[in-house]
Amino acid sequence: MLRNLILITLLVASGHGQTPVIGGTCKLGTADVQIGGKQTQFFLKCETTADSAEGEGVWVVKSRAAAAPSSVPSVPAENTQPQQHPKARKPASPNICEQDNGARESEVCAVSATCLQAHNDFPSSYLQCDQTTLRWVRKSCQENFLFNFEQQTCIVPKRMSSLSPSTSSPSNTENPCSKCPLGSACRNGNCIPLTTSNLCSDGSPPNNTCTRDPYSCPKGHFCTAQKVCCPSTALQSSIGCSTVCTIDESCPKGMTCQNNCCEERKLLRHPKVYRYATVEATNTIFEVDNDIFDSAAIESLPTQKPQRLDEIMAPGITPTPTRTTEPPKLRCLSSNTDEVNSLGGASSSSATCGGTNANCTSDEDCPTTFKCYQGCCKLAVCPRSLTAVKFTCKTQYHCRANEHCFFGGCCPKTIELAVIKSQVLTMSKDNEHTKETEKLIIGDCEVDTRVKKCDIDIICPEMSECVDGICCKQPPKARCGNGLMALSIPVHCSLSDDCPIASRCEYGKCCPFLSESADSTSDSVGETTPVIIKEEIISTATKVWKKVDKTSGVSINKNKCLSTQRCDLHTLCPPDFTCSLSGKCCKLNIHCPDGTVPETSCQSASNHDHCPSSSHKCTLLNKEHFACCYSPGLVVEGSVTAEVSSECPIGSVEVDPRFGTSCRYSLQCPSPYFCNQRGQQASGLVCTFSSCSNSNPCSVGTCNNGYCCSSGSNSGSAIIDSDTNSTTNPSQPETTKTKNNTKKSNSSKKHRKPKKKDVDPLSDPLLQNDFPIGPPGYGFPEHLSNLDEVLIRAQGDGVSCAGGFQSSLICSVGSECPAGLHCDTAINLCCPLLLPLTDPKNPKKRKTKRRKQKQDENEMEASANFPDSDPARFSSYSCGCMGGGSSNCVGCQNAPQIITIPQNSCPGGGYSVGGCSSGYCATGYSCIQNQCCPSYNSAPRISVYTCPSGGNAVGACMSGRCASGYTCSNNVCCPQTTTTNPFVCPDGTQAAGGCVNGQCGTGYTCSNGLCCAGTSTTVKCLDGSDAVGACIPSCTGDGCGGVQVSYYCGSGYTCTTGNICCPINSCPNGGEVLGPTINGLCPTGYTVQGNLCCSATCTDGSTGLPSVNGVCIDGYSLTNGVCCPASVTCTDEISIGPCTGTGFNGGCPAGYACDSNQVNCCPVVRYTDESCQVGPAIDGLCPPGYVVVYIPNSPLITNGVNPGTCIDLQCTTGLCLTANQIGDCDTATDAGTCPTGYTCFTNAGICCSTTTFSRLRIGNSRQMAQKPNYGRPLHSYMPPRFGGPSSSCSDGSLSSGPCMNGLCGIGLECQNGKCCSPSSNKPAGLLQSKCPSGDTAVSGCFPNGSCGTGYECVSSLNLCCPPGQPQTFPSFPGNNNGFNINNNNRFGSLSMSPRPIGARCQLDGECVGQAEGLSMCHAGVCQCSPIAYTQGIACVRRKSFQMNDDPVIDAANDDKSSSSVSV
C-alpha cells in the first residue's frame, strides 16, 4: 500500500520546487508533508545532504510511531525504498534507514544491520554494520557503479555529484557563479552544462575553468587536463589506488580506469606481463600495429639525462599519487592546435610540465607528495615505498633497474612481475629474416643481447643486470626447474621443510611438483643431465649459484643434511633423504636399482644389520657408497646406470599419495589403494567403498580389504571340524619335509606356538612387516604388530584362494600384495590371511587314555607305511592343496577356513545371532521366527550423503583434493557440475527485494516475485556475487511479541540490504584481505578471520604476534585478533631520557621502550624482581647483557645519589626463551637485522627465532607424557584426544580428535586443531537454524520457495539447506516421537531411536548396540567396536574360538596350551 501511495505522489507531483517530490530539492525548515492522509505514519521531511546548497535540502521519507485506530486494522510498516523486504519476514516495527554522517570504517556501529551508510571517501563503496563485531565494514559496488543512500543500492551514476562526499565549496566572492545547478560549471561567468568527461575524478562538478589562466583556480583546487578546477580532495585515495574513478573519462589524461582506480598506461617492451595475464596479451605487445602508443618509436622520444632534485619532500607528506607523466609529443599535435595552445599558451613553464598538467607557484598548489619545482608540480615522494625521488625521468629508460618512471620521477617497482616462458623471436628487416637462437655466454654471464651496451642512461631489461657494460641475465628465481611458477607464499625458503606440501625449495623459492613426478629424484637415472644449478648457502644473507657436475662424487655434503632431524632403524627419515651411519638425514646423489632413494646407509655388503627389514640388502652403489635397497637376493657391484621400471599389478592404476610424492607404507595411500614395496602405488582392487562396504555389501560373499570375495563356491562347512586329521599331500616335493618330524611325533604332548624361523624365509619375502610399527602414515599401532604371529598364509587348491575365496587381484612384481593379503604363488593371486579356528560350542573332545593309545598306534602305522611323511596334524602352516569338503586330493586335509556368513534371516537385511531362549533374546534384539534379530524403534535407513547436484559421493576427499572430474564438497568427492542460478536479472544487478502485491518501487519491476531494475530477474549482492537466499528472521508472527526483529545468516554469510544473505568478503576485525586460508592456516603476519587470511596489524601499524587460543604473552594485549605491545608508561624519575621516535627501538637503549606518548624512554624489564638484579652500576655502566635502571627509593642510593641497578636483559617482557635466541641484533636499521630464520626483538636487541608454518618432521613430534591410546580404525589412525582443556571445543564440549591437514570427517569442522561439531564453532549467542541433516542453514528461502545455487529449500522449515535433505514430518500435539525417516530427532522429541551401522551420528549413544559396547560413533559414522563385527546394519559380538596348532593335545594340558582370540 505504501508503494502505491508513493507512486501516486510521484505521478501527481510536478516539476515545481514547491511540490514535494522524493529526492527533490526543498527549503530547510519547510513543514513535513503527510503521505496518504492522516491514517498513515509516513511523511516527507526536508533534510540536508552532502551536496545540498546552503539553506536547501532533499525530501526524504520518514516514519512516526502512530497508534493504529481501533476500527481499522494496522498497516504493517514497509520500506519505501526500491529494495523491499519480503513481506513474510517484515519486522513488526518500522525499519526506515537514517543517514549517519559520522560512520567510519572499523568504528563501532549502533544502527540496524540492514541499513547501509555511504563512505565519506569513496563513492563506489559503502559501509555495512557487521553483526558479529558491531563495527562498520567497507564493501565495494560493482565496476562503474556508485552507492546511493536514498535507494540503499549501487546504481549507474546519472547524477554523480549527488553521490560524492562533501567538499569545501568556495564562497561567492571566490566564484561568482557558485550557485550553478548540479551538472553544470561556471565558464566565463555563465553556467554551462557539463558532460561526463568534464567531471572531476571523484564525480563532483568542477569549481571553475582554467582554460586561459592556469592560476585562476581557488585555493585548495588544481587545474586538470580538461581545463577545469577540481578540489584537491578528489585526489585523496587509499593505499593501493591512485585516483578513484568510474569511467575512463573521469581519469587524468594518460590514465585509464581499471577496477575503480586510475592507472597509468605503461609501455611494455619485454616479454613480461602482470601475474595471471595471458600469453595472448603478451604477444600483442610486440605487434607494432597495435602498439598502445600508436607505433611511436622509442628513438623519437626526447632523451634527457637524469638530474637530481634540489628539494626533497618533508617526511610528513602522505604518498597519494594522482596522475602519470605522459611523454610529450608522442603524437603529431599539428592537427590539434587548440590542445597545443592550451598546453603552452599561458607561459613557457606550462609546456614543460608535460603530462602532469599541473602548474604552480607554491607547494600548496600541488597535490600531496608533490612539490612545486620551476613552476610545475613534480613528484617528491614515491608512493607505497615512501622513498624520496632521486632522479627525474621522461621515459622508462631514464630510470635504473627495478624502477619505473612515475610522474616524472624514478620510483621502485612494487608490482610483482612474472616471466612468461620465453619464445624465439624473429626480427624482420627488408624481408630478410634472421633468427637468434644461440646463447652467448662469457664466463659465468649469459649475455642479454637485447641491449648491446649498458650504462646509467641505457639500462638493462628486466631479469638482467649491468656488469662491466654488458647485460647479464639473472638466475631464474621466479621460475622453477620444471617450468612452473614459484609460490608467492612463503617469500623465501632455506629448506624444503619450509615450503607447503607438494612443493620444494629451489633457489630460495618454493616450487610446486609436477603431477607425474615429485622432484628430481624421480627422474630416470639414465637420463643425461650434464650440468645442473644448485644453491650453496655461504652466509645467512647471500646465496650463490654454483655449477655442479651431476656425475661427480657422492660424498655427503653437510649442507645437504638436516640439522635437527635424527634417525635410526625405528625412526626413518623423510622422503628423498637417507639415514647416514652417524644418525643424520642427508640427501645423497644415489639411487637404488629400482630408482628409489635408499632408506639407510650401511657398512658392507655382507652386513645387513643397518637395513630396516629383511627385504632390504646392503648394496654397493656407484662403486663408492653402501646403502640399503629393497630387492631380495640383489647383489650389485659398480655404478647404477639404468632404472628398473616399477609397475603396479596388472589391471591397476597409480594415484597420488595422501601427502608427499612417494609412499612407504599403505597408510600413506588413499583407501583402498596400497603401496607396493617399490615406492609406487597400485589399486588392483575389484571394488571400492561405493560398490563394496559395510553399508553396501557384496551380493554374494563378503567384503575383505576392499574387494568382493565369494564365500560358498569351494568352502565346506562354516566351522572347521577339529576331529578331522590332516595328512601331507603326497604330491609335494620331498624337499619340503622337515628334519624334526620324528622329534615332533615323539613329543606331541608338548604344545608350542609356531615360530617364523620354522618357515623358509626365502619362500615368502613378505613374511614380515605386513603390519609395521610406526607413526601415523608410516605404520600401525603397537598392539597390531603381532598379527603376523596369528594369521597364516594358507595356500589354495591351485584354482582359488583358501577358504573358498575368489580373488582377481594379481600379485605384483616380487609377489607383493596389500597389507592383510598374501600372494598365493600357485595361482599368482592375492589371497586373504586367515585364522585357524575352532568352534567353542563344539570343542575338541578330550582324548581318553584308550583313545590316545589308539591314536599313537595309528601314527606308528602311518609312520611305518610312510617313514618320511609328517604325522597327521592340524597345523597353521600352508597346506599343499585345498579341497574343502569335496577335495579330490587323496589324504589332504581341509585347509583353515574362515566363517561363512549365513544368508539373511532377519527383516531389513540383518543377521541372526542365535536362537531364542523361551521366546526371549538379549537387549537390543527381538525373537523373530525363533531367531534373535536386531530390533529397531523405527524402520532403519542408511543415510548416504548426496552431492549438491543430487548424485552420490564417490569417496572422501584427500587433503581437500579429489580426482579429475570431481570436486571436494563437505569433505567428500562429488561430480563436477555446471549449475547456474535460475534467478538472474538480465543486467546482472542485485534484486531490490520481494514484490508486494506484484508491484515494486520506482525504477524496478516485478519479475519472478522479485524487484529487479528494469526487467531484471536475478538476486545478486552489491559486489556482484550471487545471493544464497533471504535473511532468517529471529522470530515470525505472534512469536515476536512486539520485539524488534533481527535478521541473520549462516556461517560465511552476512545479511545485507534487501534482506538477502551474501558471502563475507572482508575481515570482520579489520585489516586487509590476503585470500582464503590454506588448510586452515595463514602465513606469518596474517591471522585467520572466518575463512580468510587478514593482515595482523596493531593500531600503530606494526605487525602483531599471533595469539594462542586467544591468549597473548606477557607485555602484549589482544587487539583486533592479534597480540600487540601493551601501553608503556613511567614517571620522569625512572625514565632514562627522551624518546626520539626514530632509529632503532625508537631511539631508546635495550631494555627500554618509548612510552605511549612518544616522550620518554621507559624500562620494560622486570626491575622489581630481585632475581633480575645483578648489582649497582659503575659510572652508569653495566656488563654486557645488562641494562641500568634508576629505581626510585633503591637501597643502593648513597648520599642522595642513585648509581642505578644493573638488570638482566633476559628479564625483558615478552622476550623469547634463551633456547630460541641466537645473539644480538644489528642496529644499523630501525627494525634491526638478524640471520635468516630470526627476528629482532627491538626492546631487548636480541634475535629470536621466527615462528613459521612448516611440515611436521618425523621423529620431532611433541613429546607426550604417555603413549597415545590407539583404539580407532586404521584409516582414522590418530589418538582420540590428548586430554586436558586442549581437547575441548569452543563451547566446552569434547572434540572428536585432532584435525589431519586441517580436515575432519563428514559432519565435523576443524577448530584450533580439533575436530568439533559445527554447532560448537559458532560464537555464543548467535542464532542458528538447523537443517534436517543437522547442517546449519545458510539462509531462508526466497518468497517463491527457491534458494541460491547449490542449495535447496526445505519448505517445512523455510530454510535453504544443502541438497539431499531427508524427508521430515511435522510434530503434532501429543506426538512425543517427533519422528522423521532418518531417525534424526533434533526437531522432535528428546527420545533418540538407535541408528544403524553406517548412518551418520554425533554421539556414541545414537548407534545401535552402543549400550552393550558393540558400536561407537567415529568420524560422524556409526561403526562397530573392536569386540564386534558387522552383520548388515548391526554389530554382533565376536565369538571366542580356541586356536590349536597341534590337534594331538593331552587332556591334562588343554588349559595351558590353548589360547583364546576374538575374530
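Heads up, the Cβ atoms here are built off N, Cα and C, so glycines get one too.
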*asked:* Identify the disulfide partner of Cys141 as annotated in Swiss-Prot; candidates are Cys115, Cys154.
replied: Cys154
*According to Swiss-Prot, which listed range is region 'Disordered': 70-99, 190-219, 340-369, 1270-1299?*
70-99
*Which of Cys141, Cys154 (the disulfide-bonded residues) has the most other Cβ atoms within 10 Å?*
Cys154
*Do you know the mean pLDDT across the domain 'Chitin-binding type-2' (94-164)?*
73
*For Cys141 (disulfide bond), what is the secondary structure by DSSP, using just helix, strand and coil?*
coil
